[in-house]
Every structure is written in C-alpha cells, then in structure tokens.
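Participant: Before I ask anything, here is the structure I am working with.
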Amino acid sequence: MSAGVQASFVIGWMLMLAGGVVFWVMSRSLPAAEKRHGVAAMSIVFIAFANYFAMALGQGHVNFNGETVFFARYTDWVLTTPILLVSLAMMATRELARIRTLLFSLVVADVYMIVTGLVGNLSSSPHNYYWWIISMVAFIAVLGMIWGPLRTEAARGPDRAGFDKLAKMLTILWLIYPLVWLIGTSGFGWLSYGVESWFYLILDVTAKVGFGYVALTAARKLKTT
Ligand code: RET
C-alpha cells in the first residue's frame, strides 16, 4: 500500500471519529422525537470509522487476480448507504411504518447496488463492466424511488425544503461514486490507487459527515408536534 493511500485511510478514520463526536454533541439538543436522526448520523460515521481503521491497519483489502481490492469500502457502504436512505426517509415523514414497502424496496435495491459493485471490483475486464452496468441499474432504481414516491411523501411531511436539500445533496454525491469506480482501478485504470483513495475519502466525508450535519441541523429546526 502506497504512503498516499495509507495517509487517506488514517485521515479517514480520524475525520469519521471527529464526526461522531460532533454528532453526539448535536444530538443532545435534538427534540426527543428527532433523536432518531442523531442515532442514524452517529451509526454511519462509527461504521465508517471501523472500516477506515481496518484499512489503515492493512486489514481491509485482499489481493485478488493480481489486483488490490479494498473490500472494506463495500462493508462500509453496504451498511451506511441503507442508513443514509433511512435518514432521508425520516426527513420525508415522521411515520416510517406507513412507507415500509417503499423503504424495503429502497434498501434492497441499494444493497444490491453495493454487492454487485463489489463483485465487479473482484472481476477482470470485461466482466467488471457488466457488473458496473448491473449496479448502475439498481442505482437508477434508488434515485427513481427517491425522486418519485419518497418525494411525494415528503410533500406532505414536516419539512419539504429540508428533504429537497438532502435529496439533492445525496443525488449529486452518490452519482460521483460510480464515476470514480469506472475511471479508477476497478475500471479503466486512469486513476492510481492513491488518487482514487483521496477521491473516495472526500466523497465519504461529504456524504456522511456533511450530509449528517445538514440532516441534524434540519432536524433541530423541526417543530415538535
Ligand atoms: C459502485 C459500483 C459501480 C456502480 C455503482 C456504485 C455506487 C456506489 C455508491 C456508493 C455510495 C456510497 C456512499 C458512502 C458513504 O456514505 C458500488 C461504486 C452505482 C452510490 C454514499
């Protein structure tokens, strides 16, 4: 593992841990009904912390078919992306139970997206591209559910503007992941492991710590009814 890659992992676990402390402090001033937003935000960064820590220790990768595959990225994403979706859904409605079928579909499509992405990363050309396409189809389904039925739900929910802001942020950030994957070491190989790992670090910090911060700020302003 190069020094640049290693440094990105060390900075990764530190920033995730720092995010956890910030979220813990922010959660204390949340109204009781919105504490769940704090639970989500903290779960996400502590899961990421563990995975970055493992990668920093050299425990998060395998050498497979002559390539290095950082599987810890996927064990992070497979847990944190469903929680991020739940977090967005909690901004759409107070009664998650009412949208359980939608939530279930979102999470299944999302997990499918991450797992097929991992299979692609473990595959050589051209099979990796087949898996990228399959994963992208699931991703498009996720985006369709967010901007279709979930947004309709949010229009009746407690904070329509907050939902739209978070949904936009999520969409833009999440779209960059498959691009980095495609041009990075798992696809075309235009990026080195070092450059790729910094891209993923910036994305992970923004999509987890940045997103959580915006979500908790919005949750704090929600009226307790
Ligand atoms: C992969 C594989 C290629 C195709 C697609 C992908 C999508 C990944 C996404 C990841 C999001 C991660 C987040 C993590 C941190 O919080 C797996 C790269 C579509 C959308 C938000």
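Here the Cβ of each residue, glycine as well, is placed from N, Cα and C on the backbone.
Because TrEMBL annotations are produced automatically, they should be read as predictions rather than curated entries.
Given the structure is predicted, the values throughout are model-derived calculations rather than measurements.
Found this in TrEMBL, in case it helps:
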TRANSMEM  6-26  transmembrane segment
TRANSMEM  38-58  transmembrane segment
TRANSMEM  70-90  transmembrane segment
TRANSMEM  102-123  transmembrane segment
TRANSMEM  129-150  transmembrane segment
TRANSMEM  171-191  transmembrane segment
TRANSMEM  197-219  transmembrane segment
Participant: Honestly, do the transmembrane segment (197-219) and the transmembrane segment (38-58) touch, with at least three Cβ pairs under 8 Å and pairs 6 or more apart in sequence?
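Facilitator: Between the transmembrane segment (197-219) and the transmembrane segment (38-58), contact is present.
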Participant: Quickly jot the same-chain residues contacting the transmembrane segment (70-90) by Cβ under 8 Å, restricted to those at least six beyond its ends, or write none.
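Facilitator: Same-chain residues near the transmembrane segment (70-90) but 6 or more away: 36-37, 40-41, 43-44, 47-48, 51-52, 54-55, 59-62, 96, 99, 102-103, 106-107, 110-111, 113-115, 117-118, 121, 142, 146, 150, 163, 166-167, 170, 197, 200, 204, 207-208, 211-212, 215.
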Participant: Near the transmembrane segment (102-123), which same-chain residues lie under 8 Å Cβ to Cβ, leaving out any that are not at least 6 residues past its ends?
Facilitator: 64-65, 69, 71, 74, 77-78, 81-82, 85-86, 89, 96, 129-132, 134-135, 138-139, 141-142, 145-146, 149-150, 153, 178, 181, 186
Participant: With Cβ-Cβ distances below 8 Å as the criterion, list the same-chain residues six or more beyond the ends of the transmembrane segment (171-191) that contact it, or say none.
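Facilitator: Residues packing against the transmembrane segment (171-191) from afar: 67-69, 117, 120-121, 128-129, 132, 135-136, 139, 143, 146-147, 199-200, 203, 206-207, 211.
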